[in-house]
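A.B. asks: The structure is given below, and queries will be raised subsequently.
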Amino acid sequence: MPSAFQFQCHFILIFLAASKGETRYLEVRDAGEDEPFLLLSEDLKRELSAGQIYRRSLRCIDMLSIEGQFTFTAEQPQLHCATFFIGEPEELITIDYDFVNIDCQGGDFLKVFDGWILKGEKFPSSLDHPLTTSQRYADFCESGNIQRSIRSSQNVAMIFFRIHQPGNGFTVTVKKNTNLFPCNVISQTPSGRFTMVIPHQHRNCSFSIIYPVVIKISDLILGHLNGLFLKKPSVGCAGVGDFVELLGGTGLDPSKMFPLADLCHSFHGSAQMKIGCDNTVLRMVSSGKHINRVTFEYHQLDLQETENRKENSIEEFCFPSI
């Protein structure tokens with residue numbers, strides 16, 4: 001049975017699942033009888049490819065993975081609303097305010113957060129983000145016309161808003177920008193392949209997959225010797241300076257997750273691990289002395305794979321939650 005975290009994440013992600021093939025358009029299941037707002041029709045795809053702007057209304061709790069112009073108009077007091085934005089791993093998100101009609105003095109607010117927050121947990125974590133938590137918020141009621149365009153630091157961002165008066169609301173335009181060196185990423189899908197590169201930068205980068213997965217690391221370059229070390233109380237990579245760790249847990253924040261394995265040294269080959277946690281994170285810690293790179297692929301773990309125990313697999317942690 002799915003955990004509460006999985007249910008909340010999958011609801012907020014609007015059951016993110018990529019259609020088969022190379023399409024980047026997402027399928028929505030159980031979205032109601034109205035417009036399936038993430039499943040784009042062929043006509044709409046043609047309109048978008050011809051340069052048309054995609055427009056639609058926002059719901060109080062919503063999810064967007066596409067560029068366009070989006071409007072929220074309150075039909076009744078809406079006190080706890082949020083829109084979650086997600087792009088491809090190599091994309092940044094820009095949110096432009098086109099029109100805002102809210103009563104800041106009356107208790108309304110409209111805030112952009114650089115990342116995601118769910119039940120008090122942040123992605124990226126405070127340890128992995130270049131800004132402090134307070135700097136990651138852009139409050140319209142404080143900045144007004146001063147800051148009408150906000151760009152994320154990774155492929156996810158979100159808006160919090162509260163509107164008391166029916167008829168009030170706002171319009172935003174969402175755009176995507178290319179990120180040459182993606183760092184912190186939430187995967188839209190339960191399967192994929194990714195190469196993370198940190199070029200002589202002192203920073204930490206996390207790739208989050210909100211599914212139990214089989215993850216296979218095929219290439220790791222850290223400028224060290226070969227080796228793979230599973231995490232033990234007396235063994236780790238803390239003194240190495242550059243390493244990759246695999247984390248598992250039931251929340252969104254990588255800094256609050258359980259360390260499963262450390263990879264301290266470069267290798268070419270294959271290291272496959274099964275992780276049955278609600279959230280799996282591959283996190284690279286970089287001292288800035290090297291050009292660090294890791295290539296990995298992943299797919300959702302099924303029950304049959306949990307029964308087939310193989311070498312180099314972490315199978316004893318998190319499996320009760322599947």
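The backbone N, Cα and C atoms fix where each Cβ goes, and this holds for glycine too.
As listed in TrEMBL for this protein:
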type	residues	note
DISULFID	Cys60-Cys81	disulfide bond
DISULFID	Cys104-Cys141	disulfide bond
DISULFID	Cys183-Cys205	disulfide bond
DISULFID	Cys237-Cys264	disulfide bond
DISULFID	Cys277-Cys318	disulfide bond
DOMAIN	52-177	domain 'Corticotropin-releasing factor binding protein N-terminal'
DOMAIN	185-306	domain 'Corticotropin-releasing factor binding protein C-terminal'
SIGNAL	1-21	signal peptide
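Give me the structural setting of these features: burial, nearby parts and distances.
C.D. replies: Proximity of Cys81 (disulfide bond) to non-local residues of its own chain (separation of 6 or more, Cβ distance below 8 Å) is seen for Cys60, Ile61, Phe72, Phe160, Phe161, Arg162, Ile163, given in sequence order.
Around Cys141 (disulfide bond), the same-chain residues at least 6 positions away in sequence with a Cβ under 8 Å from its Cβ are Ile102, Cys104, Asp108, Phe109, Leu110.
Within the same chain, residues at least 6 positions away in sequence whose Cβ sits under 8 Å from that of Cys183 (disulfide bond) are Pro124, Asp128, Ser153, Gln154, Met196, Ile198, Arg203, Cys205.
The 10 Å shell around the Cβ of Cys264 (disulfide bond) contains 23 further Cβ atoms across the protein chains shown.
Just so you know, the Cβ of Cys318 (disulfide bond) picks up 23 other Cβ atoms within 10 Å once every protein chain is counted.
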A.B. asks: Can you give me the Cα-Cα distance between Cys264 (disulfide bond) and Cys318 (disulfide bond) in Å, rounded to a whole number?
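C.D. replies: Counting only the Cα atoms, the answer is 23 Å.
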A.B. asks: If you draw a 10 Å sphere around the Cβ of Cys60 (disulfide bond), how many other Cβ atoms fall inside it, taking every protein chain shown into account?
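C.D. replies: Step by step: centre on the Cβ of Cys60 (disulfide bond), count other Cβ atoms within 10 Å, giving 16.
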A.B. asks: Tell me which of the disulfide-bonded residues Cys104, Cys237 sits in the most Cβ-dense spot, judged by other Cβ atoms within 10 Å.
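C.D. replies: Answer by Cβ density within 10 Å: Cys237.
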A.B. asks: Quick one: pull the CA-CA distance for Cys318 (disulfide bond) versus Cys237 (disulfide bond), whole Å only.
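C.D. replies: Rounded to a whole number, the Cα-Cα distance is 23 Å.
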A.B. asks: Which entry in the list of disulfide-bonded residues, Cys205, Cys277, has its Cβ near the fewest other Cβ atoms, using 10 Å as the limit?
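C.D. replies: Output over disulfide-bonded residues Cys205, Cys277: least Cβ neighbours within 10 Å is Cys205.
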A.B. asks: When the pLDDT values for the domain 'Corticotropin-releasing factor binding protein N-terminal' (52-177) are averaged, what is the result?
C.D. replies: 94
